[in-house]
Amino acid sequence: MLKLWKVVRPARQLELHRLILLLIAFSLGSMGFLAYYVSTSPKAKEPLPLPLGDCSSSGAAGGPGPVRPPVPPRPPRPPETARTEPVVLVFVESAYSQLGQEIVAILESSRFRYSTELAPGRGDMPTLTDHTRGRYVLVIYENLLKYVNLDAWSRELLDRYCVEYGVGIIGFFRAHEHSLLSAQLKGFPLFLHSNLGLRDYQVNPTAPLLHLTRPSRLEPGPLPGDDWTIFQSNHRTYEPVLLGSLRPAEPPVPGPVARRARLPTVVQDLGVHDGIQRVLFGHGLSFWLHKLVFRDAGGYLTGKGLLWDLDRYILVDIDDIFVGKEGTRMKVADVEALLTTQNKLRTLVPNFTFNLGFSGKFYHTGTEEEDAGDDMLLNHRREFWWFPHMWSHMQPHLFHNRSVLADQMRLNKQFALEHGIPTDLGYAVAPHHSGVYPIHTQLYEAWKSVWGIQVTSTEEYPHLRPARYRRGFIHNGIMVLPRQTCGLFTHTIFYNEYPGGSRELDRSIRGGELFLTVLLNPISIFMTHLSNYGNDRLGLYTFESLVRFLQCWTSLRLQTLPPVPLGRKYFDLFPQERSPLWQNPCDDKRHKDIWSKEKTCDRLPKFLIVGPQKTGTTAIHFFLSLHPAVTSSFPSPSTFEEIQFFNGPNYHKGIDWYMDFFPVPSNASTDFLFEKSATYFDSEVVPRRGAALLPRAKIITVLTNPADRAYSWYQHQRAHGDPVALNYTFYQVITASSQDPPALRSLQNRCLVPGYYSTHLQRWLTYYPSGQLLIVDGQELRTNPAASMEIIQKFLGITPFLNYTRTLRFDEDKGFWCQGLEGGKTRCLGKSKGRKYPDMDAESRLFLTDFFRNHNLELSKLLSRLGQPVPSWLREELQHSSSG
């Protein structure tokens, strides 16, 4: 019996183990099936979010307030913009203060020029005038108390400037825990009550500064924070702009003020008290309505000089039509809702039309219901605008062959023709903005040949973030407009699952980022996706709510234009953006990800020889090319061997064209690529363009006596048969007057202007740090080139070090230094170099010595500040000037 039990017991244990394993397997299978069912089954739909309703005036909802009939005093004259630069002076507490950054962000978004200064202490007020012209059109104080408590000398200086030039002041009072609860503002008939909790905000409809702001609505509910300041005054110079009420738990404000009274948190000083107009804020810019009024304040105080008109153009793109996985696409009901909302929006925004971007390959790749939605879109195709993506939604930068890229486009065009989709809008968008910026030349060429594209848009120029820096440009005849995001992406399809919660989306619409995008940009192209119009239809919710909110709170005139007229409108407003500013794609990870892997930033030069002309730059180019670690650009067949990329029409050909002039270095860390274009030095645009594309490049310039340089250029032009140089003496050229022929004045400028050395160097130093700039003594280069080349090699950090004392040899016949060869032979520059000219006449020498005296003095001061040695020729000129 015992033996039998020993046999049966293990068998029962084995069966128990098997049963447990089967139960575990069954549980896992059930969980997997449930997960699959949940993921593939349609979600139980919650009610769709309803857009913001119509505005309703709530002025009667609050109690009495201090809003009184506007006083018609004599207002101070508007800013004399003809006598002031359109620059805003912003006094900040620190470079990192939050309010200061918010002020700057709004100015930058509005494309206004500004200068920030740390709020001065005693006697360090920045210079406010330049001769008889004011430097600033508006003054902003992040901390109003810094203005009020200025020392007497600085305060009088600033106030006198504001009165004389009609300049206004915006100031912010931010209460903190140590602020007095009640106090009079020093020197003003104005009382402040601080650290209050407020509610129920309202706009005073009689405030003179209102332009963008529409005073038709009360904002109910508590205002954020408990650190609000309200203003009180009986003086007629103060007009309330924004008003709120005390929260029930707040103690009453001193004075005869009703409990439910409207209390001013923003006041406008009409200038009756002291002749200076001001707008004072009792809080920062964290509350959205303050941003709106801040823009109005800046516009009013500058006579609308810092204010766009009320027109705002919006275009809503719906990318990825027919693209998307099952369960995220539009169904028939969604298309019907799209049409209904479009019609509603047209009553609010003239000509509003959704702009649909399609990839035909994915037509009918959804569920049966979603395929019916595709058909519904095509049935109503004439009611929308349409633009092409790529046929297979591929990124264009992956196509290196233009014909293959064009074939993909033709497939999409054939699909459009077969289904009656209009193809004449002249607009296209590349998937993921690939190839638009950084430029993929093949994309632009294929777009033009297949579709006749005239305009596109991208969020990547010059960078994705911050969005306020996005700009437009024109390349290869195609207008590239800035594109904006609206917080809706392919994965944001459910209201209650919005990242950060649905309140984040509503906050963006109601005074947040999306609202400010339209407020601060005359033209906004918004990117949305097909999936945003299925499911919870967040695209419809967002834009209907946005439009209604804008019309509640602003006087903006919302409009829609087709892409090509919209592009023309954009560049009419911002003609300065027509020319692009190329940047290094490898300095931005997003740019590198959408840039062809066949391209490399290693082909960009490490240093530039920038001129000026006739100073010895060709000799340096020749000498450097003898170094085994240094490689020059290939010669250009069209611009006298120099590339001349940064200062002429070649710049618009793009960086692919530029990089084709350089080989791929065998070792990017030790090989030095460079180019020499002597016309770069005195160009107004080259330093900015160069620093954008080559921010770490070293810059080499060669300076000789500017009088000798001018004479050399004149003789150079005579040698090349310039009729002006042949028909006029050098003295006639350099002394030409404004009444002389334009051709003569042009030659005069090319002789004289490059010699304004300090002016041009200051421009370079605006964009490059002084440590990246080397100034070579042109006279020493001529007499002792080996010493100059030693300095240049050390500056560039080139290894191995080449001994130019052994490499170079003076050629008596040529009269300058050449490469020494075996057998006593030399290899020299071409016949055009080293020409012998007659000596300059004494009259011209005397004139030029006097003409360049101040320029040379400024150059000496600049070199002293930079810690760079003074060239031998400059010392001689300064000694000669002082002795004369």
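Using the three backbone atoms N, Cα and C, a Cβ is placed for every residue, glycine included.
What Swiss-Prot lists as compositional bias 'Pro residues' is 66-79.
Within 10 Å of the C-beta of N351 (N-linked glycosylation site) we count 10 further C-beta atoms, all protein chains included. As annotated by Swiss-Prot, N-linked glycosylation site applies to N351 (among others), with the evidence given as sequence analysis.
For the recorded site, N401 (N-linked glycosylation site), the DSSP three-state label reads coil. As annotated by Swiss-Prot, N-linked glycosylation site applies to N401 (among others), with the evidence given as sequence analysis.
DSSP classifies N667 (N-linked glycosylation site) as coil under the three-state reduction. Of all Cβ atoms in the protein chains displayed, 8 besides its own lie within 10 Å of the Cβ of N667 (N-linked glycosylation site). Residues or ranges marked as N-linked glycosylation site by Swiss-Prot: N667 (among others).
DSSP gives N727 (N-linked glycosylation site) a helix state. With a 10 A radius on its CB, N727 (N-linked glycosylation site) counts 11 other CB atoms from all the protein chains. Residues or ranges marked as N-linked glycosylation site in Swiss-Prot: N727 (among others).
The C-beta environment of N803 (N-linked glycosylation site), restricted to residues of the same chain at least 6 apart in sequence and closer than 8 Å, consists of A786. Taken from Swiss-Prot, the feature N-linked glycosylation site applies to N803 (among others).
Taking the region 'Heparan sulfate N-deacetylase 2' (41-598) as a whole, pLDDT averages 91 in the prediction. Annotation source Swiss-Prot lists region 'Heparan sulfate N-deacetylase 2' at 41-598.
The region 'Disordered' annotation in Swiss-Prot covers 49-82.
The topological domain 'Cytoplasmic' annotation in Swiss-Prot covers 1-18 and is backed by sequence analysis.
Among the features that Swiss-Prot reports, topological domain 'Lumenal' is placed at 40-884, with the record citing sequence analysis.
Per Swiss-Prot, the feature transmembrane segment maps to 19-39.
Comparing CA positions across the glycosylation sites N401, N667, N727, the one lying closest to N351 (N-linked glycosylation site) turns out to be N401.
Comparing N401 (N-linked glycosylation site) with N667 (N-linked glycosylation site), their Cα atoms are 28 Å apart once rounded. A Cα-Cα distance of 52 Å separates N727 (N-linked glycosylation site) from N667 (N-linked glycosylation site).
The 10 Å shell around the Cβ of N401 (N-linked glycosylation site) contains 10 further Cβ atoms across the protein chains shown.
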